[in-house]
Structure formats: structure tokens, C-alpha cells
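Engineer: Before anything else, here's the structure in question.
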Amino acid sequence: MPWVLDGAGARAVDARLEAAGLLDLTMEEAGRAVADAAHAAFPHGAALLLAGGGANGGDAFVAARHLLTLGREVQVLALPSRHPLTRLNRRRWRAVGGVTRALGEAALKRAAPGAGVIVDGLLGTGFRPPLRPALAGVLAALNGTRERGVPVLAVDLPSGLTDSLATVPDGAAGADLTVTFMGLKPALLFGPAAARAGQVQLAPLRVPGDWVAAQALAAQPTDAQVAARLPVRGADAHKGVAGRVWIVGGHPGTVGAAGLAGVGALRAGAGLVTVHSAAEVPLLMPELMVHRHADLRAALLGTPASGRPDAVAVGMGLGPDAAALAREILAWGVPTVLDADALQPELAGCGHDRCVWTPHPGEAGRLLGCAAADVTRDPLAAARALHARLGGAVVLKGGPSVVAHAGGLSVSRGGHPGMASGGMGDTLSGVLAALLGQRLGAADAAVAGVRLHARAGERAAARHGYGLSASDVAQELGGAWRDLGAAGLPPHMHPRGVKFP
Ligand SMILES: NC(=O)C1=CN([C@@H]2O[C@H](COP(=O)(O)OP(=O)(O)OC[C@H]3O[C@@H](n4cnc5c(N)ncnc54)[C@H](O)[C@@H]3O)[C@@H](O)[C@H]2O)[C@H](O)CC1
């Protein structure tokens, strides 16, 4: 299981490693992983390693030693070594004949132009902004060299990024490849910080798995683990057992939202999908049942309990009265997806444990009473706060999306930037409602639905290129299901029982 781990979590694991006398071995393994990655990705020319005073610099000294044994020409520029293991590995570097010169802006500018790769081991999880002026010039020179075409490999995270945040502090370095240890740092997953890190490789290191799991902020389930959450359908299934789903949405001007949610639900396996709207919703698929109601509220609330669906998605393009209608639907107690106009602060406390709430950062800010920028700065904290307020499962949409539920946080993998287009969230709501209708709990539906949708987006991008429509993505949902490895498996072979948060 790949974990998401911030600097505080990594330090807690380090403390256990140190108490066990293993921290030196862990740094050796970390530095060796850096050397192997640098040699594989940038096999030509001299390697120039930049070592800071902390343990991040210690990793760089270890990497220098291993690059030498791999036959590379190696230069090291270093700040004074403060961490005991950094001093130890600096001595070991000298013991194998390595030379260390003092790092400064001028020394870097002299050494960098001929390098085949620069390894940035200046600042890792121990960095606290703002950047001190003495290092600002060094990082500016590093960025300038990279812009002129010399590739940079960052150790753990690019120097000057804050491990747990998606924002980029002034003066931070960029990298082409980042080799990170034990767990993915949030900065490597979200927003502009992630864009600075280039390609990310996780070196889990041979640390007891439960030590890392105990400190992890979130999980990033594999596709096999996601597949284990998808519903299993017997060979004798019929539409009545595959879930009756209602889509409640649409308003003059936003009728497509409800139709797209309906398509998402059908493509994610719902047995019967009915769209209820106060407006004329286009019939995007003839298999959808579309009802226009002069009085939507009266029509829905007049339904006897026996006629209620197995799952509802409410809010997509629903318009100004969405919160009142959503409140009454929530009182039914049926599994419910709340999206778009139904994501209103006054509904906090009205939900139940079979609800999935699907805000994007703007809607999340509205629910939390903060700016969208506060949400995108620390999406894990925002998702946790939303779950504390709303319960059930929360899908904080983004690239990647975060799912918060009673078992913890889960970060989705994959997707495609072309999915940033109108209607994509409506389709997701339909997918989630379909999974709830097929008897998945809120957490399973949220984790599996988000990955299914992201995988469909990857497939749509492969087929259509960059600009993707929600309809393109919906068409790929069946293939995405198959890609995840779940469809067609008979129940006794289905990989259920894999537990993860
Ligand atoms: N558990 C693991 O994942 C392992 C990680 N390792 C590496 O250890 C670093 C973290 O090491 P630490 O000594 O705690 O901190 P850093 O080396 O990142 O930074 C300390 C260094 O930075 C200076 N500094 C702090 N803030 C600023 C600032 N604003 N401006 C300038 N300089 C600053 C500070 O003075 C120190 O000198 C982790 O990232 C991994 O690379 C280990 O290898 C073991 C396993």
C-alpha cells in the first residue's frame, strides 16, 4: 500500500528507527535509491551532488558514494554538515576518495554547466519557510541551471517546498525527478508544489510497514485494492437487483447536468435510472427515464416509502431551492449523493452514514466557511474537516481527489488534466449513485467511484486527446471497470477482504 506521509510522520518513524539503531541503515538505503534512480534516468555525464546540513544532505553523501561505485564521475558541493549521520556519511565519502567543496552560488555556477545530472540534497522535510537569504541565491542558480537544460533529481522533495502543503514558497527549487522515501509527501501530490517535483518515484525503504502505516496521513490504494471494493454481480442478476437510481437535478439553463448524471449512473451499472427535474432534460440516452415535474418537490415527497429508489443523486444543476429539497430527501435515509447546488452549509448535521458529499474546492470553501485557496493549499486537512462536519463519505474533487470517511483519508490516483471541463462532476455523481444503488457503503462507493471515473478519463484521453467532455468519459466507464480488474470475476475469485482505509 502506498502511503501519504508528511515530515512529522517521517520524523516519528525516524525516532523509532533511531531507537532501534537502524537509522544509519535507512539513510544508506535512501541514498542508494537516489543513486540508482539518478544513474537509470540520467546515465550520461558527471553527477553533481548538493548536500545541505541536515539528513537530506546525508542522503546526498550516500548517493555520491554509490554513484562513484557505479562508475560515474562525481562532484560534491556541501554546506557545513550539522546532522550526525550527515557528518558520518561525509567521512565515508572522503574515505572512498571523494572530495567535498564548499557550496555557494558562485561554486554552483562554476560546476553546474557540464553536469549530466544535479542531485538536490539541500533541504528536505526539515525546511521551514521562509528561505534564508544565504540559500536563496543557491536555489536561484539551481533553477537557472535547470532552465538551461541540466536535469535535477530532488532528494525526498525539491528544496524549499513545504512537505505538507500544495503551495510553492518563494525561491523553491524545481526538479525533473523526485525520489521520495517511505511515503508520498502531500507536496508531491497536490497543486503547484506537485508540478515542481517532476516525475515522482517512491522508495518505500525496508522499514516495518506498520510503523509507516501508523503515521500515514492517507492511503493511496492500488487498482487491485479499488477493484476489491466494486460490486460483484451474479450471473442471474436482473435490473431490479442492480439498483434503482434517481437523479434529482436540472433547472432552466443547467438541464444537461442532470442528464449527464443519469448517463454516468447507467454506465456504472445502475439497473434503472430515472431523472427527475423541474425543467426539460435532454434525453441523452434512450435507456434513461426522464420526468419533468411542474412541482418537483411535491412529486418527490409524495412518493410512498415503498416507491423510493435504492439511491439518489441530488443537486446537479438543481438551482436555488436545492438545499430544501436535499434536506427532505436526506430524511428518507436512502443512500444519497449530494453535489453542486445541494452542497450547502445548512445541510451539515442532516446527513447519515450512507451519504457521499462531492464538493470541488469552491464548494468545499463554502461548506467550511473559508476561501477555496485555503482548501487547495492543504486538501487533506480540508477533506478531514469536511468529513467532521458532514459525516458519511466526502469526495473533495481535484487532481487528485481526496476521499474522507470514518476509516481515514484516501487519495485517488490517475485521471487526466483534460477532465477539467463542465459536466465531469455530474457524471461522477451518477457513478457514485450507481455504486450506492448496487449496495456499496459510502466509503467503498466513494473510493471506487472516484478511481473508476479517473480511469475512464485516462482512457478517454488516450482516445480523444486533450479536450475531454463528460460524455467521452462516461463512454469509457465500462472499459475502466474492466481495466481495474473487477468485472467478470466470479464472486469466489473476487479479491474482497483486502482492508485499507
Ligand atoms: N524517514 C525518512 O523518510 C528518512 C529521511 N531522511 C532524510 O532526512 C530528511 C530530513 O532531514 P532533517 O535533518 O530533518 O532536515 P533537512 O535536511 O530537510 O533540513 C534541515 C536543514 O535545513 C536547514 N533549514 C531549515 N529551514 C531553512 C530555511 N528556511 N532556510 C535555509 N535553511 C533551512 C536547517 O538549518 C538544516 O540544516 C528527509 O527529507 C530525508 O531526505 C533520512 O535519510 C532517513 C530516512
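Backbone N, Cα and C atoms are what each Cβ position is placed from, and that goes for glycine too.
Caution: TrEMBL annotation is automatic and unverified by curators.
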Engineer: Check TrEMBL: it lists K397, G398, G399, P400, S401 as binding AMP. Then name which of G365, G369, G425, G430 it lists for that same site.
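Structural biologist: Of G365, G369, G425, G430, G425 joins K397, G398, G399, P400, S401 in the AMP site that TrEMBL records.
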Engineer: Pick from S159, S164: which one does TrEMBL list with N56, D120 for the same K(+) site?
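Structural biologist: So the K(+) site in TrEMBL includes N56, D120 plus, from the candidates S159, S164, S159.
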Engineer: Among N56, S159, G398, G425, please name the binding-site residues whose Cβ is nearer than 6 Å to ligand 1.
Structural biologist: N56
Engineer: Are there any residues in the same chain, six or more apart in sequence, whose C-beta is under 8 angstroms from the C-beta of A55 ((6S)-NADPHX binding site), and if so which?
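Structural biologist: Once residues fewer than 6 apart are set aside, A55 ((6S)-NADPHX binding site) is near M27, H83, L85, T86, G124, G126.
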Engineer: Expressed to the nearest Å, what is the distance separating G399 (AMP binding site) and H360 ((6S)-NADPHX binding site) at their Cα atoms?
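Structural biologist: Cα of G399 (AMP binding site) to Cα of H360 ((6S)-NADPHX binding site) measures 10 Å after rounding.
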Engineer: Here's one to test understanding: among the binding-site residues N56, G398, P400, S401, G425, whose C-alpha is closest in space to the C-alpha of R128 ((6S)-NADPHX binding site)?
Structural biologist: N56
Engineer: Give the sequence-ordered set of same-chain residues, not counting N56, D120, S159, with Cβ within 8 Å of the centre of the Cβ atoms defining the K(+) site.
Structural biologist: L50, G52, G57, A60, G121, L122, L123, G124, A154, V155, D156, L157, P158, G160, A173
Engineer: Would you list, in sequence order, the binding-site residues among H360, K397, G398, P400, S401, G425 whose CA lies within 10 Å of the CA of N56 (K(+) binding site)?
Structural biologist: none
